[in-house]
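Have a look at the structure below before the remarks.
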2 protein chains.
Amino acid sequence: MGKEEKVILVTNDDGVTAPGIRALIEAVAPLGKVVVVAPDSPQSGKGHAITIGVPLRLNQVDIFEGIEAWQCSGTPVDCVKLARDKILHRKPDICVSGINHGANHSINIIYSGTMSAAMEAAIEGIPSVGFSYLDYSFDADFTLPKQVAHTVTKKMLHSELPAGTLFNVNIPVVKAADFSGIKVCRQANAKWVEEFDERRDPHGKKYYWLTGEFKNQDTGNDTDVWALENNYASLVPVQFDLTHYKLKQQLETEWTF
Amino acid sequence: MGKEEKVILVTNDDGVTAPGIRALIEAVAPLGKVVVVAPDSPQSGKGHAITIGVPLRLNQVDIFEGIEAWQCSGTPVDCVKLARDKILHRKPDICVSGINHGANHSINIIYSGTMSAAMEAAIEGIPSVGFSYLDYSFDADFTLPKQVAHTVTKKMLHSELPAGTLFNVNIPVVKAADFSGIKVCRQANAKWVEEFDERRDPHGKKYYWLTGEFKNQDTGNDTDVWALENNYASLVPVQFDLTHYKLKQQLETEWTF
């Protein structure tokens, strides 16, 4: 490998055996040296969870031809932390996460293990991006998501980006001929309206399954939800300074304790 | 109860039996009707995780005199979702989370179950606040944190706040006479520098414990870390629109795919 070769850390939240991570590896392999560190089991909805109370396991796996790959017993965030400290012993040039089986647009970013893994790398100052495909199925056709992942990753590797740059990219389910391109967006003001499915176990005791319906209250045409509905892949630049500066200013002038 | 009585949802991430939640209940009980829904086991570091793959259990408990209280088998975020749908059947007037045993300032908000529970309520449009005390010990003296929690919650209940208002409040370990008051702050640009403690199990196989050191790279005197070091309780208003608008603008003008 040439001294200029980029090191690309690949992770996800669906687990190392999910078709989406294989698609992502194929998409970015031509761009540098790929190292995979991903959960050994599905970790959807884990948000930015880390493992504190139990120790972590890390095992090398041989499932991607010619690619160094590890599976970890922890969360997506644990994978990124371990990758840097115990496998790479340096910061990778980029961290790519996904390709997630299912959407992570709008408020879903908060719950997403895919995006939390990418955010963890971004906090470390590593340019990072999460990719999610709006097709949940195991045998989804990843042709378009792979093209988008390749294009965005290549662009990021060859651009001057501020430290901590983080992108949330979602890809619509659309025929190649109908694809509108990649659009820079803001996070839509949309959310889940949840109800719990209440059931009784064989002993008569209640238990609950989370269910929900997605509601978009945002009519803007610059949101990720709008872009996806109009056959664009959405790219939202993401920050992790959660300070609400406008409200801060208001409180400073109006609130006394 | 009078028709004007406020409904206060109390939750946490240390679990329903932690001393901190008892302190919080005592702090806010004079302000309205308190309902407690909290995890049945410690959930620190769970971030914004939700439970998808297994059903949830919810059981009423009788551990706080005269207070309706429930324990849930899920994460802090699950507790808030279940509280609204299955226990309150309405939005509470406020959601208070904590008092966490340990700090949740700066980037720690991202990993914090305490703050994620409060954020979940804020996403639902409920004014919400998380309280964290910089004393980790089981027998910490919660006198000052209780005073701060009472003051902030009362102020929030009697103020016109934008929908989705969310505060991250941290309280220093300091004698009452040395306490500087409550200060509105921004999130410090600080983070954990992690290393993993590598050990071998009785079978000779490696395992890893997460350890880390906290580094504050932010020299501003308007941050939560600065405030806490100067004997203030820090109050950071928090947003959950993670769009990086400045970078978005830059990409829109400079990037083509």
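Even glycines carry a Cβ here, placed using N, Cα and C.
In TrEMBL, annotation is done automatically, which means it is predicted and not curated.
Worth saying up front: this structure is predicted, and the values here are computed from it rather than measured.
Sequence annotations record features per position, and here TrEMBL assigns divalent metal cation binding site to B:Asp13, B:Asp14, B:Ser44, B:Asn100. Per TrEMBL, the feature domain 'Survival protein SurE-like phosphatase/nucleotidase' maps to B:8-193.
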### Message
Give me the long-range Cβ neighbours of B:Asn100 (divalent metal cation binding site): same chain, 6+ apart, Cβ under 8 Å, in sequence order.
### Response
B:Asn12, B:Asp13, B:Asp14, B:Gly20, B:Ser112, B:Thr114, B:Gly130, B:Phe131, B:Ser132, B:Tyr133
### Summary
Rounded mean pLDDT within the domain 'Survival protein SurE-like phosphatase/nucleotidase' (B:8-193) lands at 95
### Query
Whose Cβ lies within 8 Å of the mean position of the Cβ atoms of B:Asp13, B:Asp14, B:Ser44, B:Asn100, the divalent metal cation site, other than those residues?
B:Asn12, B:Gly15, B:Ala18, B:Gly20, B:Pro42, B:Gln43, B:Pro76, B:Gly98, B:His101, B:Gly102, B:Ser112, B:Gly113, B:Thr114
## Note on the structure
Cβ under 8 Å from chain A, restricted to the binding-site residues B:Asp13, B:Asp14, B:Ser44, B:Asn100, picks out B:Ser44
### Summary
Residues near B:Ser44 (divalent metal cation binding site) by Cβ (under 8 Å) yet at least 6 apart in sequence within the same chain, in sequence order, are B:Asp13, B:Asp14, B:Gly102, B:Gly113
### Summary
Three-class DSSP assignment, B:Ser44 (divalent metal cation binding site), comes back as coil
### Task
Other Cβ atoms within 10 Å is the metric here; tell me which of the binding-site residues B:Asp13, B:Asp14 scores highest.
B:Asp13
